[in-house]
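So that you can see what the record holds, here are the features copied from TrEMBL:
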type	residues	note
REGION	1-39	region 'Disordered'
COMPBIAS	8-17	compositional bias 'Low complexity'
TRANSMEM	63-83	transmembrane segment
TRANSMEM	141-161	transmembrane segment
TRANSMEM	232-253	transmembrane segment
TRANSMEM	273-293	transmembrane segment
TRANSMEM	332-362	transmembrane segment
TRANSMEM	368-390	transmembrane segment
TRANSMEM	402-428	transmembrane segment
TRANSMEM	434-453	transmembrane segment
TRANSMEM	460-481	transmembrane segment
TRANSMEM	501-527	transmembrane segment
């Protein structure tokens, strides 16, 4: 579509070459446009056409997505409820599946999708407004996630996270493998208080990776350049992120949701219990993953003698630890102590997190403006509160028991170790169908946990293993998780490379966590 002619105005009279409107003077029409202006105007026409065509395609795609979502939701809702399922159960199942499908297809951002699903549930009477629809907003697990987002802000606002990363690089960065271990240690230190693994990867680790890569002449502009160092560090950082996310309840936003789902089945998973069970396989993975990546996806540059000095220069530029950094570090250590042992003092994890926020606010490390502007935290509150409320309703209406029984029945004839192995592998590799760890956990964790328990798998063991898997599958594809999207968007890794390396590293992690992790949990008495 050709843009309309410009209306006459001062520019016409001055002979700038804009088309005159009706009544334009002959001089206006005779004066040629300067060459640069004319070329820009000519280029703008196809650009505008391309933009308009792209907009039409996007709208058409969105309409198709909505039609598919509605069709699936309505189709499920119209299925007659089986025996043992409340008449509202299939309606709730349709709304829930439609919401999860919308989270995958993304016709709207995550929080708006959740709000639309909640509105449909309330308007159709599938969830009541007083005791069902809004119950998730009072869930302490959800508020633990939100509080952890705010605490993570402290690392970014004070610069402490960057300082920690540079400190590790200054000591370990003499080789590409050393740089990878430095990034892994940074991620490990920050993970317990950073429930947004995307913020951890994109806000702290990746900027350091990109800076170090550029210093070594590795940019995404060509294959030779990106494979020099940047590709290895970038993809390794994602694989490491999946491990650190699996090691702590508060290291990824979906973990507390899994914890809550386990609690609904009568299985208590504490912060310290999760961390202890993940300790040995997690630390072993952090040792093995960078080394394995250097064999599977090696950089062409293996020695980086300039990197430590570059990091030391940046550290000198940061100066000594500020007062706010010291307060942030002390608060973080206190929170770790309370999260690990707070149950002995009668202090719930959510209460400890809010205590940490109070300290950061009173001391001025954080301001209310930081909390108010944290869109990720508030979006997460809405998203999780709605989805957890829906999941609770599915359980109350008998749908979870129905689906769990069907899944467990498919492996019911096997001894529990084999049955659970099948369930765990299906749960892991079904993540190729998802673009979000959290969406996958919300959609499938409770069902697979119920099925695992029904086959005779020790409940706490099953809850923890499936909880770990909910993080470990985050690197199998370029769309598998938020950190994957951050790194893929940088241009350092191609799609083909990602699928190949992602699958190989998935096998590596399955072996470590399946063999060593199971043996360790046996030592802890979780297989009894």
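Along the chain as shown, the residues are counted starting at 1.
Cβ coordinates come from backbone N, Cα and C, glycine included.
TrEMBL entries are annotated by machine, without manual review.
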Which one of these stretches, 141-161, 232-253, 273-293, 434-453, 460-481, has the most C-beta pairs shorter than 8 Å to the transmembrane segment (368-390)?
141-161
As a test: from 141-161, 332-362, 460-481, pick the stretch that has the greatest number of Cβ pairs under 8 Å with the transmembrane segment (232-253).
460-481
If we skip the immediate neighbours and take only residues 6+ beyond the ends of the transmembrane segment (402-428), which ones have a Cβ under 8 Å from one of its Cβ atoms?
82, 84-85, 89, 444, 446-448, 450-452, 454-457, 462, 465-466, 469, 472-473, 506, 510, 514
